[in-house]
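Asks: There's a structure below that I have some questions on.
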């Protein structure tokens, strides 16, 4: 199979369009164009930062707006923070006037409503046509980068408003460090949207659930990390369930399901998991600067808007997207509703973890993934065989077992630590008694 056939089978237009149109719609070509767009900002910025650091900018000193901006962007302001700054500088929520069960229901409804709607809209936008009337010919939207941009610009706005209204902890993180998490974040989102052109939404959700497997493999090979026995059992169950679903899952459309498109979907899902894993790990490093979640949200989305807008301007993506929005008003509504759900979902994540901790949040989101698959199958009529249904059940059973086992292990370690501390205290008291 030559490149022309691969391109033809990997695009919605098949072999009817010109080879140039097929090339520009080929996901690998678009991915490379996105990288070039990001590089047009990253490379000059990296050269400038390197020059500033080598020129001993701080040693020369200075005053004024320019000096402060350069220092904050390149060096950060860690030297200006109080040496005894505590985590309590972060805003703490005032006690709620509502009972705990009411707040929990609010969090569950908010998270489920935001992300279930977001998932349904993702599939509607990326896998289905708009138009289809005599005056409005049917066509599909292809520019995943624009969807990422709209999501990030709204999240940036919300985070900016929140930061202007509520006091935040001071932190000394150099601004440019947000760009690493931003790049991986927008690339993972792009891969996620683009993958929906080649795989169904239930397949995508199950693939996300199985990312614990590559994380464990990478930790074992690279970091020589050891895992508890239950984690291996859970990884095996997830692998079994995912394999059952993929084997039993029939193609939604025989004309679109080819070896090439399936392989493209797998590559894009693998890219999503890789970039998403990096984002989470890098953000964990950034949180060492004692920043709040909304400061993180603002910093990352600020660079995300910069990178995506640069790529869209260079590719003519804004003209393409706005033209599509002008032709299809329903698409415009879906895009903005999708962005609103994404932004509100992030806020519910912060609020839920703040109020109830990570364990409750993980349980809610695991349930959300199962409901998302069910909702997608009902709305978009995805065929799921009995074997595929068992595969889905095994995957989510394994995920709930992982939450339960992790919680029990933490409790066991806490009890063991308490026993050890008690033993040390008793020994110290006996020593004091003997000394007397």
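Placed from the backbone N, Cα and C atoms, the Cβ positions cover glycine too.
Curation plays no part in TrEMBL annotations; they are all automatic predictions.
Below, the features straight out of TrEMBL:
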- 427-436: compositional bias 'Acidic residues' (COMPBIAS)
- 414-436: region 'Disordered' (REGION)
- 27-52: transmembrane segment (TRANSMEM)
- 101-121: transmembrane segment (TRANSMEM)
- 146-166: transmembrane segment (TRANSMEM)
- 229-248: transmembrane segment (TRANSMEM)
- 260-282: transmembrane segment (TRANSMEM)
- 294-313: transmembrane segment (TRANSMEM)
- 333-353: transmembrane segment (TRANSMEM)
- 360-381: transmembrane segment (TRANSMEM)
- 387-405: transmembrane segment (TRANSMEM)
Asks: What parts of the chain pack near the transmembrane segment (27-52), using Cβ distances under 8 Å and only residues at least 6 beyond its ends?
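Replies: Distant contacts of the transmembrane segment (27-52): 10, 70, 74, 144-145, 176, 179, 183, 187, 190, 194, 197, 264, 268, 306-307, 310-315.
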Asks: Quickly jot the same-chain residues contacting the transmembrane segment (387-405) by Cβ under 8 Å, restricted to those at least six beyond its ends, or write none.
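Replies: Apart from its flanks, the transmembrane segment (387-405) reaches 202, 206, 209-210, 212, 228, 230-231, 233-234, 237-238, 240-249, 359, 362-363, 366, 369-370, 373.
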Asks: Counting only pairs 6 or more apart in sequence, are there at least 3 Cβ pairs under 8 Å between the transmembrane segment (101-121) and the transmembrane segment (333-353)?
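Replies: Output yes: the transmembrane segment (101-121) sits against the transmembrane segment (333-353).
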Asks: What parts of the chain pack near the transmembrane segment (360-381), using Cβ distances under 8 Å and only residues at least 6 beyond its ends?
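Replies: Contacts with the transmembrane segment (360-381): 104, 107-108, 111-112, 115-116, 119-120, 123, 127-128, 200-202, 205-206, 208-209, 349, 352-353, 392, 396, 399-400, 403.
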